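Structure, as structure tokens:
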Amino acid sequence: MPLSYQHFRKLLLLDNEAGPLEEELPRLADEDLNRRVAEDLNLGNLNVSIPWTHKVGNFTGLYSSSVPVFNPHWKTPSFPNIHLHQDIIKKCEQFVGPLTVNEKRRLKLIMPARFYPNFTKYLPLDKGIKPYYPEHLVNHYFHTRHYLHTLWKAGILYKRVSTHSASFCGSPYSWEQELQHGAESFHQQSSGILSRPSVGSSLQSKHQQSRLGLQSQQGHLARRQQGRSWSIRTRVHPTARRPSGVEPSGSGHNANLASKSASCLYQSTVRTAAYPAVSTSENHSSSGHAVELHNLPPNSARSQSERPVSPCWWLQFRNSKPCSDYCLSHIVNLLEDWGPCAEHGEHHIRIPRTPARVTGGVFLVDKNPHNTAESRLVVDFSQFSRGNYRVSWPKFAVPNLQSLTNLLSSNLCWLSLDVSAAFYHLPLHPAAMPHLLVGSSGLSRYVARLSSNSRIINHQHGTLQNLHDSCSRNLYVSLLLLYKTFGWKLHLYSHPIILGFRKIPMGVGLSPFLLAQFTSAICSVVRRAFPHCLAFSYMDDVVLGAKSVQHLESLFTAVTNFLLSLGIHLNPNKTKRWGYSLNFMGYVIGSWGSLPQDHIRHKIKECFRKLPVHRPIDWKVCQRIVGLLGFAAPFTQCGYPALMPLYACIQSKQAFTFSPTYKAFLCKQYLNLYPVARQRPGLCQVFADATPTGWGLVMGHQRMRGTFSAPLPIHTAELLAACFARSRSGANILGTDNSVVLSRKYTSFPWLLGCAANWILRGTSFVYVPSALNPADDPSRGRLGPCRPLLHLPFRPTTGRTSLYADSPSVPSHLPDRVHFASPLHVAWRPP
């Protein structure tokens, strides 16, 4: 007869009808009993012949591919002009006085952030935009290009202009100006860009002029050089490799004039009329001469001055005869002026050698499950986390639940701030650019590669027949619809482009570490500036606590102004005021302790409602169930040990079958959640110790000892002794010399004992006592002779390694009606 739920509860000592604990509890460590219970509850029978279940409620398992949903009406989020001030350390020091070593070290890490991968694999441009939505290829292509363009305009990306130069928008940092080559550095102006052409540039322009025969253009460019902020950055360069003294591969715009002016030059009268200021040689494809040059006959660069060529794929359709009703020439003829082939950044800098390749693909998804109107760019730089050359990312401390509760469970009033686009605040050094490249090979290549009738193999790239190969009804209809959204930008986005990250990207394991360092340092500064308040952060989630609502509001104003003065962008619409119970990291934290948020409790309820019994569930689904239940496990009676059978099945990659008793047990566990309370400091007066054969307790001046009916493993014996001490004395601070008991992880003990011990020791704090000093050592060995002196062992609750560098003074418990003028806000705060 299988074990009923009622019997199981009694067995686990969850009911009060059990006999004396000293007799009952050691039974639960018995291997034979554990095996029988596992058989009764069907926990160990992992090999089943019935087919596995691969879906439970919203949890999907093996062999299920969730089809991503494309939204043609996605809005690209706007990015404010984010520019974190470079002198952030100086500004913090003005605000709060000298920074601690810890704060300085953390802030230096991100000014600028550096990225040193062991090895970088370059992928062809065709792989720049992933074909993530096969039904909506063209639509997805343009939305992604628009997103990338928005990021470039916001100063978050560099655009590769040539092998050694890049352009960007926004305010430059000093390291983007101090660009050195060899032993000499450039002479900087305030804008960080050379304003005077150097010797090399005039030499080089002569050199190119004689080679190309582009007199008229060269003269025009030479005249314009003086006024441009980004004149040519080449100069006499004495190295053994180039005895001529000229650096032909220079970073300037004219360096590859032959290929560039040829690559995307379009001489229509419309353009010259509409954009007289933009010289034709400036209209080259940023990055893409390597890709687009195939459209030219071999001698075209030389014959440039004799006859106009329009090799731009998009504009070639203007002069060609429509091949059908769905020919792209119909769309190209909709507009007289399609704008420039490439836009130019406000600043140009020299960068390390960057190939015309990408290092990761991008695609779009919903911004989050609650916001499907906006898109989010997913960047796949997973190459740096895989394979033999993977980078081991730095670890950083995240507070566990108990530390978080100790820190934040108080009678404070809370609000949380939302940092908009937090990752994009932290600048990356330009040397990281060659490793973090995204981009696309342009629409023509993208369509040709993905269309089945692609005839791109025969290398007749210049022929008109080949131009019309890409015309199709699908492409025509998609472009017509996109024309309404993007207008003239269709032309801009149809060109190849290569972009590198100027701020830290989300798809690299280094980014969360850097963000955590940054926000924790800023919160540390805020805590010291306002000693009676608490500021705490986890990644981009920043919370402020103060002892009354009025105090909190004035703190909010002061902190917001401080953060804005550093260049940190807050999203005022997403500031949430929580009152006295804070919602943070999935928990509700109040003066009574922490509990999971309501939406998580609701998910758990739904999960149990849909959980089948007597049906083998695929281990991947079990993994997802355990993920959800594991989050709330610390709030249940038996905690993590109750989930051990599920963990075992996941580890062996087998199916798990829920028996009605085990399901009822878990259901009951998760129906009543108990808060995890804040630990209080105190003095340890109860000590426990054990040997494999006996146990001993010391409670004040009272001593007890007992023996086990059979020898037990030492850790099991120590755990039993701790349970006896707790139940006998009721003390919530115990002294023990066993590190496993101290760690409070009872998952490696016999299953039944782990569950029962978790319930008995819930809310107990442990203090480590070295064996030699443990007063319970003698009783555990059966000696009740002269008593060892009781230790004076204080217990201090820990906040983990969340390094509150400056301890905040304790907050008085009374709540004033309003903020007094002698409030800590006015005493401690000095204007920046």
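The backbone N, Cα and C atoms fix where each Cβ goes, glycine too.
The structure displayed is predicted, hence computed values, not measured ones.
As annotated by Swiss-Prot, Mg(2+) binding site applies to Asp418, Asp540, Asp541, with the evidence given as sequence analysis. The Cβ of Asp541 (Mg(2+) binding site) has Ser416, Asp418, Phe584, Met585 as same-chain neighbours under 8 Å, each 6 or more residues away in sequence. For the recorded site, Asp541 (Mg(2+) binding site), the DSSP three-state label reads strand.
Look at Swiss-Prot and you will find 186-206 tagged as compositional bias 'Polar residues'.
What Swiss-Prot lists as compositional bias 'Low complexity' is 210-220.
The domain 'Reverse transcriptase' feature in Swiss-Prot is assigned to 346-589. When pLDDT values are averaged over the domain 'Reverse transcriptase' (346-589), the model yields 85.
Look at Swiss-Prot and you will find 1-177 tagged as region 'Terminal protein domain (TP)'.
Sequence annotations record features per position, and here Swiss-Prot assigns region 'Spacer' to 178-335 based on sequence analysis.
If you look up Swiss-Prot, you'll see 186-255 (among others) marked as region 'Disordered'.
Annotation comment: Swiss-Prot describes 280-305 (among others) as region 'Disordered'.
For 336-679, the entry in Swiss-Prot reads region 'Polymerase/reverse transcriptase domain (RT)', with the evidence type sequence analysis.
A Cβ within 8 Å of the Cβ centre of Asp418, Asp540, Asp541, the residues given for Mg(2+), is found for these other residues of the same chain: Ser416, Leu417, Val419, Ala422, Ser537, Met539, Val542, Lys574. Cβ-based neighbour count (10 Å, all protein chains) for Asp540 (Mg(2+) binding site) stands at 18. Other Cβ atoms within 10 Å of the Cβ of Asp418 (Mg(2+) binding site), summed over all protein chains shown, number 16.
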